[in-house]
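A.B. asks: Sharing the feature lines straight out of Swiss-Prot:
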- ASP307: active site, proton acceptor (ACT_SITE)
- ILE93, SER94, THR95, GLY96, GLY97, TYR98, GLY99, ILE100, VAL101, LYS117: ATP binding site (BINDING)
- 87-439: domain 'Protein kinase' (DOMAIN)
Amino acid sequence: MGVANDSSPEYQWMSPHRLSDTVILGDCLYFNNIMSQLDLHQNWAPPVRLLNYFKNFNKETLLKIEENDYINSSFFQQKDKRFYPINDDFYHISTGGYGIVFKIDNYVVKFVFEATKLYSPMETTAEFTVPKFLYNNLKGDEKKLIVCAWAMGLNYKLTFLHTLYKRVLHMLLLLIQTMDGQELSLRYSSKVFLKAFNERKDSIKFVKLLSHFYPAVINSNINVINYFNRMFHFFEHEKRTNYEYERGNIIIFPLALYSADKVDTELAIKLGFKSLVQYIKFIFLQMALLYIKIYELPCCDNFLHADLKPDNILLFDSNEPIIIHLKDKKFVFNERIKSALNDFDFSQVAGIINKKIKNNFKVKHNWYYDFHFFVHTLLKTYPEIEKDIEFSTALEEFIMCTKTDCDKYRLKVSILHPISFLEKFIMRDIFSDWINGGN
C-alpha cells in the first residue's frame, strides 16, 4: 500500500500526531501556540456565590465605578469605532449554527461542537482535508482562491466554552439587575435579557462597568462581550436544550480582511472597484473559475461545497496579479484583494465523502446546486445588482425555480447542468474587465 499524503483523498483518515484521544492535523507549532494561550480547564465558583458577590453592590456603588476614568475599550462592540483590542485576548467575532469563532492576533480560531454519537472524530475533518486536498492538486493561481486551515485539533474537550458563556451571562444578568435596582436572581427571560443588554451594550457607562467586573468575575483572556447576543442565541436555542457541550474540534485559520458580505458601496470603491456591482462580478467570477478548475481535476466532478454564499467567501490582500487560464482565454485580476472560499465543513470531493451531508441529500447534485444557492444569496445580500440589467438578467438563469423544487434557496430536485454551462457564462462581456486583462 502506498503512503498517503495530503494531496490524496485518503489523507483525511491519517492521524499524523496523537495526544491521548485527540488528534492534530496540520502544523503543530501553530496549534500548540494557540493552545498554550487557552485554559481549557478553567472553573468558577457556583453561581450562587456570584449572586452573593453582587449583593455587595447597589446603584450608588455602580455610579462610583462609572465615574472612574478607567475604561477597557475592548468591551465595546467590535463594529463600534471606540473598540480597540488592548490585550492579547481572544475576541469573539461570530457564532453560527456550527461554530464559535474568535480572533487573536493574526489568527482566527474556530471551535466546533461535534455530535460525537453520530460521527467519529476522523469523520469531522472535511473543513481541513477538503481545502487542503484541493490546494495541493490545483496547479494554477486558482489555488489562491481557497482558504486552508493551518491546523485542526480533533476531539478536544470544549466544555469550558459553555461554562464561560454561562458565567458571563450570570454576570450580565446580575449587573443589569443591580443597575435597575431589582432583586437579584439568576432566573431570566430571553426576550427581557436581550432587550436590556442591547439597550446598554454601546453605553460608555456600561463599558466602564464591564471593564471593572469582567476581569474580577470572569478573569479570562477570552472576551465574549462582542456579539454576545449571537452566542446567547446559539446556546439558548430550543433545539440545543438537551445538547451535551462536551467535545469538538479546534481549527486555526489565517485572519482575513473581511467576509464578502461586509463590503458596501463605500468599501468597494475604497478597495479599488468602480462600483459595488463590479465588486460582486469580481467575487462571482473568481468563485466560478475556482469551480471550473476543480471540475477539471480527475475524479473531482462530484465537488460540492454545500454552503456557497457571500459570508463564506473571505477577502485577503493580493500582492501580485492572479492569472487563470481557461481554454484560449486568460482571466487577469490586478485588484489588491482576492476572494477565497472558506468553511468547507459540509463539502465533499473525489473520495472524501462527507457524512454530514450524505444523508441530507435525497437526490444527486453537482456544482449547479451550489451556484443556484449562491445567486439567491447574492441577490438577497445585494439588491443593488438589479440596477445592472444585463448582470441581473444573466444571473436569473441560475434561479429559474419554483416552490416545488426550491426551499429556502436550496434545490430539492436534481438539476445536473454540465460545468460547460458555467464556462460559457463567464465568457460573456459582463466579465470583460478581466478577460484577457480587459483588452
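Positions of Cβ are set from backbone N, Cα and C atoms, glycine also.
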A.B. asks: So if I draw a 10 Å sphere around the Cβ of GLY97 (ATP binding site), how many other Cβ atoms end up inside it?
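C.D. replies: Cβ-Cβ neighbours of GLY97 (ATP binding site) within 10 Å number 8.
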A.B. asks: Going by DSSP, give the three-state secondary structure for VAL101 (ATP binding site).
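C.D. replies: For VAL101 (ATP binding site) - judged by DSSP and reduced to three states - the answer is strand.
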A.B. asks: For ASP307 (active site, proton acceptor), which DSSP three-state class applies?
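C.D. replies: For ASP307 (active site, proton acceptor) - judged by DSSP and reduced to three states - the answer is coil.
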A.B. asks: Return the residues near THR95 (ATP binding site), defined as same-chain residues 6+ apart in sequence whose C-beta is under 8 angstroms from its C-beta, sorted by sequence, else 'none'.
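C.D. replies: Long-range Cβ contacts: VAL101, TYR227, ARG230, MET231, HIS233, PHE234.
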A.B. asks: For GLY99 (ATP binding site), which residues in the same chain are close in space, meaning a Cβ under 8 Å from its Cβ, but six or more apart along the sequence?
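C.D. replies: Within the chain, GLY99 (ATP binding site) has Cβ neighbours under 8 Å at LYS110, PHE111, VAL112, ASP345.
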A.B. asks: Let's check the environment of VAL101 (ATP binding site): how many other CB atoms sit within 10 Å of its CB?
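C.D. replies: A 10 Å sphere around the Cβ of VAL101 (ATP binding site) contains 20 other Cβ atoms.
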A.B. asks: Using all protein chains in view, find how many other C-beta atoms are within 10 Å of the C-beta of ILE93 (ATP binding site).
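C.D. replies: I count 18 other Cβ atoms within 10 Å of it.
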